[in-house]
Structure formats: C-alpha cells, structure tokens
Amino acid sequence: MSLEAIVFDRSELENVSVKVLDQLLLPYTTKYVPIHTIDDGYSVIKSMQVRGAPAIAIVGSLSVLTEVQLIKHNPTSDVATLYSLVNWESTKTVLNKRLDFLLSSRPTAVNLSNSLVEIKNILKSSSDLKAFDGSLYNYVCELIDEDLANNMKMGDNGAKYLIDVLQKDGFKDEFAVLTICNTGSLATSGYGTALGVIRSLWKDSLAKTDKADSGLDNEKCPRMGHVFPLETRPYNQGSRLTAYELVYDKIPSTLITDSSIAYRIRTSPIPIKAAFVGADRIVRNGDTANKIGTLQLAVICKQFGIKFFVVAPKTTIDNVTETGDDIIVEERNPEEFKVVTGTVINPENGSLILNESGEPITGKVGIAPLEINVWNPAFDITPHELIDGIITEEGVFTKNSSGEFQLESLF
C-alpha cells in the first residue's frame with residue numbers, strides 16, 4: 001500500500017516517533033496525526049481517526065510508549081505534571097489509571113484490552129521508569145512485527161481453506177466474495193485480516209491465470225475473480241477505505257450498499273461463494289463482535305448457503321467471556337448518524353474543491369431531521385451458529401458435530 005495507517009520510527013530507541021493516518025479524511029486527503037501522549041492515543045481511537053482492532057491495540061500501546069518517553073526526557077511537559085516522578089510507586093499508580101482511561105476509548109475491542117493488560121504486567125515487574133521504557137519498547141516492536149507476520153499467515157490459511165472446500169464441492173469456476181468494513185492494511189500493521197485473505201485469494205488467482213496462459217496448467221479450478229465490499233454505514237469504512245485498498249491493488253471489485261446484499265447475491269453474474277469479515281472480539285463459544293451490519297450479512301449468507309468466515313488473530317479471542325450476551329457494545333454519538341462527512345467535490349466534473357492552502361475541503365451534510373431519535377451501535381454480535389469458520393494464524397477452526405467451536409488451543 002502507498003499509505004500506512006501507522007508510521008512508527010523506531011530507529012532511536014530513546015526517542016521514537018509515531019504518526020497515524022487520519023482515516024476520516026480518506027480517500028481524498030492524506031494527513032497524519034502525531035501521537036505524543038496517551039491523550040493523543042485516546043483521541044484518535046475514540047474519534048475513529050484510527051480503527052480496526054489490531055491497529056487500535058498498536059496505536060494505544062504506542063501512545064503509552066511515547067508518553068513514557070516524553071515524561072522521562074521532558075519532566076516539565078504538561079503531561080509530566082500528572083506524575084510524581086520522584087516516586088516510582090506513585091508513577092506506577094498514575095500510569096495504571098492512565099491505562100484504564102485509554103481502554104475506555106474502545107471497550108469492545110479486545111486487542112486493546114489484551115495489550116493494556118500486558119503493559120500493566122510489564123509495569124508491575126519494572127524496577128524503575130527506565131526499565132519500563134526499555135521493556136515497553138521491546139513489547140511494542142514485537143506486537144507490530146507479529147501482527148504483520150500473522151496477517152500473512154491468516155491470508156494464506158483462509159485462501160487455501162476456501163479453495164480446498166470449493167474443490168471438494170466440485171466447483172471449478174470463477175467466484176466472488178463479500179466483505180464488510182475495512183480489515184486491510186489500514187486496519188492493521190499491514191496486509192490485513194479478512195482483506196488479507198482476499199489479497200491471498202487474488203494472488204492465487206493471478207498465479208493460476210499465469211499458468212493457464214503459459215500452457216502449464218489447463219485444468220479448470222476455482223479462482224476468485226471479484227470482490228463486493230459493503231459501504232458499511234454510518235462511517236462508510238467500506239466505501240472510503242476498503243474500496244481504496246482494492247482499487248490500489250487492482251483487485252476487480254464493485255462497491256455495494258449495505259441494503260443490497262441479498263439482491264446482489266441473487267443476481268450476481270459471478271457466483272458469490274464466501275464472505276470474509278474481521279472481528280473486534282471473539283468470545284469462548286465463537287460469538288463475534290464486529291462492525292454493525294455484520295450480523296445482517298451473516299444471516300443473509302446463511303439464507304443463500306454462502307460460507308461465512310471470521311478472520312482474526314488469536315489476540316482477538318476473549319478467553320474469559322463465555323458468550324456474546326456478555327460483550328459490551330459501544331454506542332456512538334447519535335449526531336454522527338444524522339450527517340455524512342466527506343470531501344467537497346465539483347458536481348459538474350467531480351474535481352476536488354480546494355481551500356486557500358490548496359487542501360481539499362471537507363464538510364458535513366445533514367441527512368436526517370435533527371429532532372429524530374437515533375440508535376447508533378458501533379458493533380453487533382454474530383452468534384457462532386451463523387459462522388462457518390474462524391480463520392487465525394494457527395489455522396482455520398470449524399465447528400464439531402455438535403455445532404460448537406473448540407477454541408481452547410488458542411487461549
């Protein structure tokens with residue numbers, strides 16, 4: 001990708017630099033927001049300038065690292081006044097409270113919770129601020145590197161599994177897939193989770209096409225030929241972000257509205273064989289919290305006999321919560337649902353309208369009466385009964401003969 005969601009300069013251990021891409025301005029404007037403190041991390045997560053469970057965990061962890069380095073090197077900074085730096089026990093107490101505050105930015109995303117628990121453990125075992133800084137730096141670097149490696153594994157695991165299933169079913173033609181929200185490079189350290197599987201399927205398709213064109217392999221076999229990303233209201237992560245990534249990678253795709261899924265499945269010239277979605281939290285029985293609209297997609301896939309897969313690293317699995325009934329679902333500000341935010345364009349030719357500084361102008365357009373009541377949950381819960389497989393870096397987990405997932409090996 002030409003755009004990185006997170007820019008982390010780790011060249012200087014004692015003076016790291018962190019910037020995150022303001023994804024609210026995509027696809028027309030590229031602007032990075034610097035992260036110096038936990039407050040900065042909280043702000044970009046809460047406002048959804050950064051989103052995607054893996055990316056949220058990474059940015060949250062990085063914001064802790066930048067704050068720790070700031071108070072260590074600049075004890076007169078504003079944020080340093082929150083701490084009693086002469087007393088390590090007092091400093092740890094304040095840091096623990098700051099970590100709890102950071103978690104409140106996105107309570108549904110278990111990756112952030114898991115990362116902050118790990119950071120609290122590092123804090124507990126650290127003898128002083130310098131030791132904590134060094135251990136935290138190593139943890140964050142490992143978190144980022146492992147996320148990218150695991151994304152590649154998930155992509156290949158999911159692609160191979162679907163191709164094998166289709167071959168066993170005797171399907172040998174071109175097929176399409178569905179996806180919702182954004183689960184690609186912009187939601188992770190790179191490559192993506194659900195969109196990573198789609199990238200791997202596209203690589204497989206290109207390789208098969210090359211072999212066929214060169215005469216090395218004339219046998220018909222299943223290959224992905226098209227992707228249908230859902231727009232994903234009300235924040236339009238599908239139209240703003242996933243569509244951007246698909247266009248950049250030159251993967252054949254057609255954007256569809258959330259309300260047109262069933263009709264698209266019924267009328268698609270290319271048979272739709274699977275849906276791949278990400279996850280913000282997967283509990284012990286496989287129930288999954290993900291972007292609002294995921295449950296609707298799962299129900300429709302069940303109706304049409306389309307395979308429905310959740311793609312997430314094992315860090316997204318909550319080994320404490322038994323069922324989805326106990327997941328806390330964040331509700332967004334009702335006002336967000338009454339407007340559409342975007343870049344202003346010239347209606348005659350589609351060109352961007354720029355301000356005096358030459359930057360694209362963004363604005364909000366009201367789409368609902370201000371007096372109307374609004375229910376605006378950020379997520380919904382898909383019961384495990386509607387999920388055909390959970391794709392992780394460890395492999396693809398399917399249900400047993402009793403219709404239950406057995407995820408204990410991932411805990």
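Even glycines carry a Cβ here, placed using N, Cα and C.
Per Swiss-Prot, the features are as follows:
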type: MOD_RES; residues: Ser2; note: N-acetylserine
type: SITE; residues: Cys181; note: site 'Transition state stabilizer'
type: ACT_SITE; residues: Asp280; note: active site, proton donor
type: MOD_RES; residues: Ser351; note: phosphoserine
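The Cβ of Cys181 (site 'Transition state stabilizer') lies under 8 Å from the Cβ of Ala187, Leu230, Thr232, Gln237, Gly238, Thr242, Val277, Gly278, Asn290, Lys291, Gly293, Thr294, each of these being in the same chain and 6 or more residues away along the sequence.
Spatially close to Asp280 (active site, proton donor) yet at least six residues away along the chain are Ala53, Thr108, Ala109, Val110, Asn111, Ala289, Asn290, Lys291, Thr316, Phe379, judged by Cβ distances under 8 angstroms.
Using a 10 Å Cβ-Cβ cutoff, the residue listed as 'phosphoserine' registers 9 neighbours. According to DSSP, Ser351 (phosphoserine) sits in a coil region rather than a helix or strand.
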